[in-house]
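Visitor: One structure coming up, written as structure tokens, with questions to follow.
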């Protein structure tokens, strides 16, 4: 009888232990946090189509589809690279504080197991969306003139050589993270890197044909405003989601994100009004985006009043870069990726070193104005390192690509427009034909040249 009891007790223990182990693992995943980050990942994803519309409205009508296409092909290419090896290079086991290991290649070892309080899968997907928007931002600097195959090659090399290692430096356990650099949601990783890369690409590829002598005004401002609205909306997921939990830090990041955007939009309009004599809708939304860029590295570390200051400063700063500096130096940063993201991201990273407070986030650090001058020095190191690395690597990547193919389209294709010559499409075919077919066959660039030139502006 005793043996029977012992046997039954042993069987009961064997049945219970797996359940206990499963319960412990399940307890590590918080369903509220998981739901929150899934929603935030979707919000960040919609930012890239929003950027496509923001950019698409600012180019001439003959290039609107080609410009939008650059963002959408970025979504496709970067998503595959991230799943194949990009995520592993960014978040794999640290190698010499420079890059991650290869244990997550092909997403091996990435599944439903916890990563903090959320499944590893959703952490990977959330970070993927950041990679998408970063590369898409660069497309604004080379719009209307870069060859489509060359841009695809650039995407592959840039994500591999620049973005993934830089992401590891700051968020994956690399040397900037060890140094104590603060970047809550991507001031250095996303905005400085893409802005600097855009500037370098614009200078290497050269100016658009007719730049400075022909009008190159936005062809559809309502499209740009809609894109800006989607960016603003998605940015809540971008910044609040970077808390990786539905907690007080996420709530604080959400609030200061909106406040900084509002301050940026207002201050840009005031600066433009004073300098140009007219407050424009494009200026308002550009300033709001600049405010969003500036608050990105600081969102989880600063209080509301510093967020207002950051937004008020970044509006005139970026306006000056776009309206004065660009024309003075003569570079053709087509849609001002550097002027808004490069300059705005740099200010945001530096301002984090001024206004960060452990009263907002105990896991962060105090900035200069809270008694820690060393944090400002650390932030400056991060800014300079990002500028040098992204700029130099981008230059080398473009030069390597140019060995195998031309970086820019032919002069004739540029004059006709890339929608027709590269993609064989017309964004406004229906309107142009007054109710005709939504598709129009283009037999040759020369056949389309006459009508395309009339529709250029």
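Keep in mind that glycine also has a Cβ here, set from the backbone N, Cα and C atoms.
Unlike curated entries, TrEMBL annotations are predicted automatically.
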Visitor: Which is it, of 97-117, 118-138, that TrEMBL names as transmembrane segment?
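Guide: The range carrying the transmembrane segment annotation in TrEMBL is 118-138.
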Visitor: Out of 337-360, 409-432, which range is noted as transmembrane segment by TrEMBL?
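Guide: Checked against TrEMBL: transmembrane segment maps to 337-360.
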Visitor: Could you please provide the mean pLDDT value for the domain 'Ammonium transporter AmtB-like' (36-428)?
Guide: 98
Visitor: Count the Cβ pairs between the transmembrane segment (282-301) and the transmembrane segment (217-237) that lie under 8 angstroms and are 6 or more residues apart in sequence, then report whether there are at least 3.
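Guide: They are in contact.
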Visitor: So which residues does the transmembrane segment (67-87) touch in its own chain, when a touch means Cβ under 8 Å and the partner is 6 or more beyond its ends?
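Guide: Apart from its flanks, the transmembrane segment (67-87) reaches 48-49, 51-53, 55-56, 59, 102, 104-107, 110, 124, 127-128, 131-132, 135-136, 139, 143-144, 148, 151-152, 155-156, 159-160, 163-164, 423.
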